[in-house]
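*Asks:* Straight from TrEMBL, here's the annotation block:
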TRANSMEM  6-23  transmembrane segment
TRANSMEM  30-47  transmembrane segment
TRANSMEM  53-77  transmembrane segment
TRANSMEM  84-106  transmembrane segment
TRANSMEM  171-191  transmembrane segment
DOMAIN    188-449  domain 'TRAP C4-dicarboxylate transport system permease DctM subunit'
TRANSMEM  203-223  transmembrane segment
TRANSMEM  244-262  transmembrane segment
TRANSMEM  268-289  transmembrane segment
TRANSMEM  347-377  transmembrane segment
TRANSMEM  389-411  transmembrane segment
TRANSMEM  431-449  transmembrane segment
Amino acid sequence: MIQRYLGVAAFIAVILYLISVFYHSDILHAFYSTIAGLLLLFSIYKMNIINRLIVVLLLMIGSVLFLFYEVSFFVVLKSFGENLNLIGLFLLIPLFGTLMSEAGYLKALQSFLLQREENHKAHPYRMGYMLTAAMGSLLNLGSMPLVYNIGYESFSSFENKKFTLMLLRGFGFCMLWSPYFVNVGLILVLYDLSWGEIGGYGIVLAFIYTGVVMLFFPFSGFANDKQVVNAASFRENPEQTKSLLRLFLLYVAILLLFSFIMELILPVNMLTIVSVLAIVYPLIWASMIKLFQSYIHVAVHHITHSFQRLYNEMGIFITAGFFGEALSQSNVGEWLSNVVLQLSQGVIPIFVVILMMTAMLLALLGIHPVIIVLGLGNSLTPEHFGVSPAFMGVLLLSAWMLAVQISPFSGSVLMASNIMRESPWNVVRKNSFFIVTLMVIMTFILSLMKWMQLL
């Protein structure tokens with residue numbers, strides 16, 4: 001029962017944070033930061049031993065820095081609420097998918113794929129990648145099991161591990177550009193950027209990334225893979241399926257349109273806009289299609305059970321905010337900047353490789369990318385290295401994507417290993433040469449963009 005109350009408390013904290021964006025109040029800030037601090041305590045209790053050790057260590061280092069630099073209690077308290085915007089994404093973005101499921105749009109998509117396979121040659125791996133790349137941009141990590149289940153029911157046959165590996169790589173596509181992803185939102189806030197300043201470059205990198213995925217596809221098989229054979233016979237009414245798919249496309253198109261228009265006209269960042277839309281947009285759509293009561297029922301269930309699903313992310317993100325604020329109060333950033341500058345000698349490709357390798361190695365040790373990127377972002381100022389905030393943002397987006405794909409502790413790799421019934425380390429080993437190749441290519445592309453003064 002207490003976990004349900006904690007889920008509601010997290011939702012209240014996020015709502016208070018969103019209110020404070022439009023109406024600044026120190027009392028509100030202190031209130032939602034206090035709630036975040038309580039959520040952190042309960043999260044630490046539920047975490048596995050590795051994450052608990054990392055979080056406690058960062059809290060201890062942060063506390064020492066706060067004490068050494070004699071930071072006021074109110075600033076320390078507020079640091080617990082620094083990353084509620086990111087927790088808001090994890091908590092609220094799934095509401096878009098909740099409505100899609102309640103309205104029958106996902107079932108219609110599955111039925112469409114079944115009907116399509118009757119008349120066309122099946123391409124399950126390509127379709128799985130494309131579906132994850134498209135749906136993942138809205139549904140985040142939830143897209144992987146969802147697309148797998150759609151594929152399991154819709155494709156006549158596929159190799160289980162190979163198919164799941166394509167879903168994992170499809171997830172990486174979204175991380176480079178989607179404004180509904182927590183890493184993109186964090187970068188926008190970290191460097192005070194609009195999505196338009198980095199989104200286009202992210203999309204270019206995402207399509208280059210897709211080219212590398214295609215290049216590596218012949219080498220994506222597993223020696224001991226299991227062939228999944230599906231003899232599904234269920235079919236929806238074709239006309240009903242088409243009608244629901246049209247509504248689905250309209251739902252997504254209007255959502256994207258509202259997101260970008262609101263960013264242009266409102267004095268807030270995309271992170272806030274997406275969170276507000278996640279609350280309001282599904283409610284309005286559910287009312288229009290007469291599913292308001294059933295949607296509310298499912299949405300309340302999602303919120304009350306959110307702490308059980310997200311305690312790990314909540315604990316890590318709240319700790320990252322605390323630690324990031326502690327770093328910003330110290331001169332650690334200046335010291336780290338000088339070290340990186342000395343190592344890179346001001347050479348952009350070397351600078352890019354250092355940051356990417358640092359993110360990947362720390363992720364391999366089990367440190368969450370949000371802690372890595374916040375630490376680097378708070379410590380390294382773009383001007384110190386002669387690059388723009390947009391360049392730094394795109395670089396850290398790329399580093400985050402690579403770190404997530406190479407870490408056996410990341411949510412996407414753990415989910416893929418669970419679906420494959422394969423060790424996370426084996427998944428990482430299979431993906432390692434792909435990731436190293438990506439790092440080399442992205443280093444070249446980013447350096448070229450800087451040389452051509454595009455970034």
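From the backbone N, Cα and C atoms, a Cβ is placed for every residue, glycine too.
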*Asks:* Looking at the stretches 171-191, 268-289, 347-377, which one shares the most CB pairs under 8 Å with the transmembrane segment (84-106)?
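*Replies:* Going through each listed stretch, the top one turns out to be 268-289.
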*Asks:* Which residues, given as numbers and ranges, are at least 6 beyond the ends of the transmembrane segment (244-262) yet have a Cβ under 8 Å from it?
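*Replies:* Residues 96, 99-100, 103-105, 107-109, 112, 138, 179, 195, 270, 273-274, 277, 281, 285, 289 contact the transmembrane segment (244-262) from elsewhere in the chain.
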*Asks:* Ranking 53-77, 171-191, 203-223, 268-289, 347-377 by the number of C-beta pairs under 8 Å to the transmembrane segment (6-23), which range is first?
*Replies:* 268-289
*Asks:* Please identify the stretch among 53-77, 171-191, 268-289 with the greatest number of Cβ pairs below 8 Å relative to the transmembrane segment (347-377).
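*Replies:* Against the transmembrane segment (347-377), the leading stretch is 171-191.
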